[in-house]
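The next block holds one structure in the form of structure tokens; read it before the comments.
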Amino acid sequence: MAVIKMTDLDLKGKRVLLREDLNVPLKEGRITSDKRIRAALPSIRMAMEAGARVLIVSHLGRPVEGEFDEAFSLAPVAAHLSRELGRDVRLVKDYIDGVDVAEGDCVLCENVRFLKGEKKNTEELGRRLAALCDIFVMDAFGAAHRAQASTHAVARFAPVACAGPLLAAELDALERALDAPKHPLVGIIGGSKVSTKLTLLDNLSHRVDRLIVGGGIANNFIKAAGYEVGKSLYEPELVEEAARLMAAARAAGGEIPVPLDVVVGPELADGAPATVRKVSEVGPDEMILDIGPATATRYREILLAAGTIVWNGPVGAFEWEQFGAGTRALCEAVADSPAFSIAGGGDTVAAVEKYGVASRVGYISTGGGAFLEFLEGKELPAVAILQERAAQS
């Protein structure tokens with residue numbers, strides 16, 4: 001992808017505005033997962049070691065725009081960064097008129113959503129943020145699908161606008177998986193509702209060689225194939241759409257395989273009994289909550305023969321142990337496959353971590369919504385503006 005990269009620039013002595021995604025989950029002021037901070041650390045260290053004067057910018061949560069709210073302060077993030085970097089990382093509340101930072105040092109700017117105009121992507125705020133730096137570095141893939149002042153407008157007006165190492169790695173992995181994949185290309189799409197991933201399913205059904213569907217989404221395809229789904233979650237109005245997608249995949253020389261067997265239960269609850277059924281034998285009072293062992297074996301064969309795997313969403317309700325075997329088997333198959341694999345989305349990342357295969361997945365995306373929108377074939381505004389700036393340089 002034609003963007004300027006931070007790694008290609010001389011940062012020494014330059015004021016670098018580094019947009020990261022440090023939107024971490026908090027409980028009673030404590031960080032419950034530092035995954036996003038850890039993902040950003042290499043870029044922060046790289047900029048500092050290059051002698052840049054680094055101003056780190058991020059959002060956190062959804063405060064009322066333009067108003068300071070202690071509950072959404074980045075103070076816990078500043079403390080965490082200080083520990084990780086082994087130096088005091090100052091949290092600057094009033095930074096919009098400029099901040100003095102020494103070469104090779106960094107400060108953390110307070111939650112950018114406290115500034116009026118951030119969400120509306122105003123030119124005024126974009127210009128003011130751009131005035132803080134010599135180089136703007138967009139490194140927050142998780143926010144790349146949002147056109148906001150700190151991801152988009154600032155890139156229009158900064159003297160130089162480039163992609164940080166984390167964003168560049170995300171784009172390289174996605175391009176490798178979708179634009180120049182080694183075939184067979186296999187997509188795995190799970191989740192509860194077809195309606196939330198219709199664009200994604202439509203886009204991938206024309207591009208992949210095989211599309212494995214799981215979770216509540218699969219129930220629509222099971223129904224479209226002529227089987228009963230009992231009390232399972234499905235969307236009656238989208239069964240015809242599922243049939244169309246299956247036909248479209250076949251017409252393109254691909255396939256959306258329907259499960260051979262499933263795991264059912266009377267309800268989704270702790271202690272609910274789990275029973276394996278042929279897909280043709282689901283009872284009227286049963287819910288499909290996972291794929292069965294024969295299906296897991298079939299999907300494993302498909303994944304081991306793949307050249308590229310793109311994965312978004314589990315195939316069962318893996319949060320409940322008795323309905324997690326299918327997702328576990330899928331995790332292990334992706335990990336064992338010689339294919340280049342990319343996984344993204346909160347539930348998917350949680351699954352690969354739960355089953356201990358994260359280190360054997362080719363690339364784990366840090367973006368939820370951005371990952372999904374890229375797979376849907378949509379333009380990511382924060383990336384598009386970097387491409388535009390690169391074309392002008």
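Counting begins at 1 with the first residue displayed.
Keep in mind that glycine also has a Cβ here, set from the backbone N, Cα and C atoms.
According to Swiss-Prot, the protein carries these features:
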- ASP21, LEU22, ASN23, ARG36, HIS59, LEU60, GLY61, ARG62, ARG113, ARG146: substrate binding site (BINDING)
- LYS197, GLU319, GLY345, GLY346, ASP347, THR348: ATP binding site (BINDING)
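ASP347 (ATP binding site) is 18 Å away from ASP21 (substrate binding site) when you measure Cα to Cα. When the C-alpha distances from THR348 (ATP binding site) to the binding-site residues ASN23, HIS59, GLY61, ARG113 are tabulated, the minimum falls on ASN23.
In this record, substrate is bound by ASP21, LEU22, ASN23, ARG36, HIS59, LEU60, GLY61, ARG62, ARG113, ARG146; the longest C-alpha to C-alpha distance in that set is 18 Å. For the binding-site residues given as ASN23, THR348, the lowest number of other CB atoms within 10 Å of the residue's CB is seen at ASN23. According to DSSP, GLY61 (substrate binding site) is assigned to coil rather than to any helix or strand. Scoring each of the binding-site residues (GLY61, GLY345, GLY346) by how many neighbouring Cβ atoms lie within 10 Å, the top position goes to GLY345. The distance from the Cα of HIS59 (substrate binding site) to the Cα of GLY345 (ATP binding site) comes to 19 Å. Across the fold, the C-alpha of GLY61 (substrate binding site) and the C-alpha of GLY346 (ATP binding site) stand 16 Å from each other. Cβ neighbours of LYS197 (ATP binding site) (same chain, under 8 Å, six or more residues apart in sequence): ILE189, GLY191, ILE217, ASN312, GLY313, LEU372.
Those residues noted as binding ATP (LYS197, GLU319, GLY345, GLY346, ASP347, THR348) have their most widely separated CA atoms at a distance of 21 Å. According to its DSSP assignment, ASN23 (substrate binding site) is coil. In this structure, the C-alpha atom of GLY345 (ATP binding site) lies 15 angstrom from that of ASN23 (substrate binding site). Around ASP347 (ATP binding site), taking its Cβ as the centre, 17 other Cβ atoms fall within 10 Å, counting all chains.
Within the same chain, residues at least six positions away from ARG113 (substrate binding site) with a Cβ under 8 Å of its Cβ are HIS59, LEU60, GLY61, ARG62, PRO63, GLU65, PHE72, LYS119.
Highlighted in sequence order, SER58, ASN111, ALA143 have their Cβ within 8 Å of the centre of the Cβ atoms of ASP21, LEU22, ASN23, ARG36, HIS59, LEU60, GLY61, ARG62, ARG113, ARG146, the residues recorded for substrate, and are not part of that set.
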